[in-house]
Amino acid sequence: MKLKISFLPTFLIFLISLDSVTAQEICFSGFFKPNSTYDLNRRQILSTLSSNVTSHNGFFNSKFGQAPNRVFINGMCIPGTKPETCSDCIKGASDKISESCPNKTDAYTWPDCCMVRYSNVSFSGSLVMEPSETLYHTGDIEDTGTNLTVFDRIWEELMLRTITAASLSSSNGSSFGQKYFAAEVASLTTFQTMYAMMQCTPDVSSKDCEFCLKTSVGDYESCCRGKQGGAVIRPSCFVRWDLYPYAGAFENVTFPPPPPQSLPQPPVSLIPPPVSDRANTTIKGIIVAIVVPIIVILVSLVVLLVVCRRKKSYKTTEVQATDEITTTHSLQFSFKTIEAATDKFSDSNMIGRGGFGEVYRGKLSSGPEVAVKRLSKTSGQGAEEFKNEAVLVSKLQHKNLVRLLGFCLEGEEKILVYEFVPNKSLDYFLFDPAKQGELDWTRRYNIIGGIARGILYLHQDSRLTIIHRDLKASNILLDADMNPKIADFGMARIFGVDQSQANTRRIAGTFGYMSPEYAMRGHFSMKSDVYSFGVLVLEIISGKKNSSFYNIDDSGSNLVTHAWRLWRNGSPLELVDPTIGESYQSSEATRCIHIALLCVQEDPADRPLLPAIIMMLTSSTTTLHVPRAPGFCLSGRDLEQDGVEYTESTSRSIPGSINDASITEFYPR
């Protein structure tokens, strides 16, 4: 009976706060006309998918029809699913995805025990990370009475264990057995267990599976830490954890023993005390029975606190030790591998050039395309910038940050290998009159939100506090779906746990994006990145470079001051890029301009931090402060007269290049 009473409050909390983590149908990419050839092919292959999956040991990958109306499809169930359950899940998912995505060429869904995906392009064997969806319970873990520090430790251990088990697993030959699946459990308390399930599509590599799962866990942690459960779904992988078993995935899992209890009390003496002392002894016994457990608990908490602090201290030391990147063997490529990928650094593969070297497009023997940043042997700052970027970016995992795949350090060769981002950089579209039309308001608004989430990760949600110091349009890459990825961490700096700002005499960055306190005094902080973000938002909305306003008149105007004048005159929407037309929400655009003006306030204390910015962008009910006049920037010449060593960063690219932002050039003014 005690067991039932102890479990009941937690169970009731789930009934009250559960926000379903059942995966939604994700529709994306292009459109097709109803009853077109593609639509008929899609319906046909979806109608037979359930029987094909059950007859192919739980995984079916096929195509149907002729190009350009060919449909590619995946269907799979979790290992151990009964054939009838698998069939029902696939059929239900196929029907739901067909209804929810009536005219989209690409879609996928991950219900509890199966997955369905279709597309008009082949995706077999390819790691596909986006679009993704994060779901979570609305209840907080602290509502269950669980200590959050203890929970975090157990949760992280469970996630790492499940990632390892899933990415290294292979088919065991059992019914519907598949590789890249794991279901693990961990005891949170005597009466409470955590359940984690992860799965990748079996057509990707083990390394890609591990990356997909780690990224998903990182995304959940950034979004929903402290919640009572949740899931992250991607086209190539699925992560879910909860405080109760689900999907029938844990029937054969061995449950771990409960966490150790308090130390036992000392044995009671069997020799009876004298009769005259029995009353006193009884009182003493009661006191001992109460005090000893309290002391044990307090000592345990103190030990736990000390261990946690030592652990944090150790992690900080370990991070600084990684400055010697030759120890990072898991990320290292051989020079021969890079040469082969780029056809010996052929000019035809060069996609960018700058003061620190060149950027090449390459293709690894394992399949994926990469962007290879080869630092110049004669660059005086090359080694330091290389170390900085390699150490920083290798630790960053977020969908709005460019992904570092590895590096090469052999002799004088210093090379960084990044994921290949096909749609060039934001400035390529934003400032080209012929390309601006491709950025409608919806895309621009999504780009603003994605950049904000990427900066939030750098400032708060990653294990390091990182100040980018060079946020600008040419350092924002756009993937195939025009999602933004922050790039170029050559100037980034790590802050300590309690550090809020730092100073430098060498001002490095891009004029126009620098905050006044950084440009004039060398002070940089999270608020200086916020200033750069504000300028970037104004550029995205207007389609104009901040620098394009210089020398127009003698007023010293720039985009920031121009936006402020329009705001003050009650006509902020005059800032909106005319190529957008009328297809935007005026309230949404006005709100974004308002947020940008708050970000470029002269006093750093008046600028919002990223959590507040995200809230402002996503909630129309959040009240915004009235902006004051923004900070005014001096020219580079003025800075030199003030005795500040000033270095501006610019980007140069080969005409027709794929990736303008992969290299940054620095030169003295």
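Count begins at 1; order follows the chain as displayed.
For all residues, glycine too, the Cβ spot is worked out from N, Cα and C.
The model shown is predicted, which means the values in this text are computed figures rather than measured ones.
As recorded in Swiss-Prot:
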SIGNAL    1-23  signal peptide
TOPO_DOM  24-285  topological domain 'Extracellular'
DOMAIN    24-123  domain 'Gnk2-homologous 1'
DOMAIN    133-246  domain 'Gnk2-homologous 2'
TRANSMEM  286-306  transmembrane segment
DOMAIN    345-624  domain 'Protein kinase'
BINDING   Ile351, Gly352, Arg353, Gly354, Gly355, Phe356, Gly357, Glu358, Val359, Lys373  ATP binding site
MOD_RES   Tyr418  phosphotyrosine
MOD_RES   Ser474  phosphoserine
MOD_RES   Thr510  phosphothreonine
MOD_RES   Tyr518  phosphotyrosine
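Across the structure, Thr510 (phosphothreonine) and Arg353 (ATP binding site) place their CA atoms 17 angstrom apart. Per DSSP, the domain 'Gnk2-homologous 2' (133-246) is made up of 44 helix, 31 strand, 39 coil. Of all the binding-site residues listed here (Ile351, Val359), it is Ile351 whose C-beta has the fewest other C-beta atoms within 10 angstroms. When the neighbouring Cβ atoms lying within 10 Å are counted for each of the modified residues (Tyr418, Tyr518), the highest count belongs to Tyr518. Geometry remark: Tyr518 (phosphotyrosine) versus Gly357 (ATP binding site), CA distance 27 Å. Cα of Tyr418 (phosphotyrosine) to Cα of Arg353 (ATP binding site): a span of 16 Å. Within 10 Å of the Cβ of the residue listed as 'phosphoserine' there are 25 other Cβ atoms, across all protein chains.
When the domain 'Gnk2-homologous 1' (24-123) is classified with DSSP, helix, strand and coil residues number 36 helix, 31 strand, 33 coil. Taking the Cβ of the residue listed as 'phosphothreonine' as centre and 10 Å as the limit, one finds 24 other Cβ atoms among all the protein chains shown. Across the structure, the residue listed as 'phosphoserine' and Ile351 (ATP binding site) place their CA atoms 14 angstrom apart. Confidence in the domain 'Protein kinase' (345-624), given as mean pLDDT, stands at 84.
Ranking the binding-site residues Arg353, Gly357 by the number of CB atoms within 10 A of their own CB puts Gly357 at the top. For the recorded site, Gly357 (ATP binding site), the DSSP three-state label reads strand. Annotation note: Ile351 (ATP binding site) sits in a strand segment as assigned by DSSP.
Mapped onto three states, the DSSP output places Tyr418 (phosphotyrosine) in strand.
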